[in-house]
Amino acid sequence: MEKNEQESVKMEDEEPEEINYRGIKAMPFIIGNETFEKLGAIGTLSNLQVYLTTVFNMSRISATTLLNVFNGTTNIATLVGAYLCDTYFGRYKTLGFASIASLFGLLVITLTAAFKNLHPPQCEPGERCVGPDAGQMAFLLFGFGLLIVGAGGIRPCNLAFGVDQFNPNTDSGKRGIDSFFNWYYFTITFAQIVSLTLVVYVQSNVSWSIGLAIPTIFMFVSCLLFFIGTNIYVKVTPEGSPMTSLVQVMVVAVKKRRLELPRQPWLSLFNYVPPKSINSKLPYTEQFSNHHTRRPDKTRWNSCGSMEPLQHATSGRSECVVRLIPISLTSILYHIGVQQQYIVFQALQSDRHLGNTSFQIPAASYVVFAMLGLAFWVPLYDRVFVPYARRITKKEGGITILQRMGIGLFITIIESVVGAIVEERRRSLALARPEPVAISPMSGMWLVPQLALGGLAEAFNAIGQLEFYYKQFPENMRSFGGAFFFCGNALSSYVYSFLISVVHRTTEGASTGNWLPEDLNKGRLDYFYYLIAALCALNFCYFLVCAHWYRYKGSEDSIVAVEMEAKKHDPHSA
């Protein structure tokens, strides 16, 4: 035992290597890389639904289903990317490889538009449309596969890599991190606005091959900026598989579930963190029982509190991950509520003229109004709301992260109800004509309120989620934190596809007719929006329960804090 204590003291005396944080100096390369990467990815994917229906002659249901599966698989791939990043390669190498994969993926998609033999013949009015053959579909899916590989590495790592450049132990570094979350999302919004206006316009009105080549060029610039800044980046070295430690804790917790805890576990249980570890030391909490840390055994699979230094603090980090799971599940219905995929089809069947001019807003560009709402709110939130709220609440962020997320969830309910009312109006005006028309006389600008509410919801919940996962995950699992955000998006894509399929089949033979037909005027999309609003309301109630139960990482249960304070002033405690 004495030998073990001597080894622990020796390890504590080791000085960690000094890190040269560049902070804001590294941001031009990281933010520039992120901006152009999003310009490339969003510029291609934002109008891909229209591309598949017009160039590849797919039906709306087939195109929507394919994109939902693609989006879901892309986001699930972030778990693989996060694991490889945190275990083997580190964020810099993962981002470099993934960026190149994305570049080649965008190049393949561009080639499908540039060469006639890589897509079906154009479908003329009145003719029977011919879909893609096996070779054309295989080449398209090959491009999708490369994009999945790229997104799987980029999405979980880029935010954490940017935050790595700030010193978390200084006041300026902490402020830089807090602002970085807002401005990171702001740059994504800027990229989306450019993509959904300039790029989509070129794709819809000039040429698909040119319109898809522009995002590919953006992605090339993104790769160039990323590698230029190589010498000034802080590159955090991976510490090995964090998943192994989590599984060990679960196994030991089951084995020792019947052991009695000591009277003062926060003093009896050993919570050692090696000096070179990037993980912070966590206080004891009574929210979960730490049976597995009490008695040392010979192997890590029998006791995570044994003589193995790297395992002493594992139980607290396992609790961090377990606490996150119930909260993270709320993101599934949040994404369904905030990202209304039928907006493009609604715009196609609305009057898209800009005022009294002959200019028509491209249907895919309407989503830009959600981005404008987000872009308007983020600077206001960071520079006005937070300082004002901070003076009232005395909290560093003005309001807590969970409060921010909850506000966003509540807004999705309002957004869905507004969407239902607008769709009912659009459909009624189309059918009110003596001869019903496919294009409703309702201006497409009536779609803006629900889109603006969606942007506001993202400003609260989406940014709140990113900050929540980054700050609440163990430090050596921060890439997994980024992956959790996108996994919620992935699951929502699968659930959305399942929901659309169920509604489509259930209502097809109903008296009200199919809610989601090819011609929206013959359906009841407004009923579907009301269904989404009800699901979002249930999701909000579930979130309130989870938020009440949740304990932030590093916080102590009140009873433990009081007893520990009393222990400090007890003269007989030594």
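Start at 1 and count along the chain as shown; that gives each residue its number.
Any Cβ shown, glycine's included, is placed from N, Cα and C.
Features reported for this protein in TrEMBL:
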TRANSMEM  95-115  transmembrane segment
TRANSMEM  135-154  transmembrane segment
TRANSMEM  183-202  transmembrane segment
TRANSMEM  208-234  transmembrane segment
TRANSMEM  320-338  transmembrane segment
TRANSMEM  358-380  transmembrane segment
TRANSMEM  401-422  transmembrane segment
TRANSMEM  442-463  transmembrane segment
TRANSMEM  483-507  transmembrane segment
TRANSMEM  527-550  transmembrane segment
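Most Cβ pairs under 8 A with the transmembrane segment (527-550) among the ranges 208-234, 320-338, 358-380 are made by 320-338. For the transmembrane segment (358-380), the most Cβ-contacting stretch among 183-202, 208-234, 483-507 is 183-202 (pairs under 8 Å).
A contact links the transmembrane segment (208-234) to the transmembrane segment (183-202), because at least 3 Cβ pairs that are 6 or more residues apart lie under 8 A.
Long-range contacts of the transmembrane segment (135-154) within its own chain (CB-CB distance under 8 A, at least 6 residues past either end) are made by residues 37, 41, 56, 70, 73-75, 77-78, 80-81, 84-85, 94-95, 97-109, 111-112, 117-120. Against the transmembrane segment (183-202), the recorded stretches 95-115, 401-422, 442-463 differ in Cβ pairs under 8 Å, and the greatest number is found for 442-463. Distant neighbours of the transmembrane segment (401-422): 327, 330, 333-334, 337-338, 340, 446-447, 449-450, 453-454, 456-465, 467-468, 471, 526-527, 529-530, 532-533, 536-537, 539-540, 543-544, 547, 550; these residues of the same chain sit at least 6 beyond its ends, with a Cβ under 8 Å from one of its Cβ atoms.
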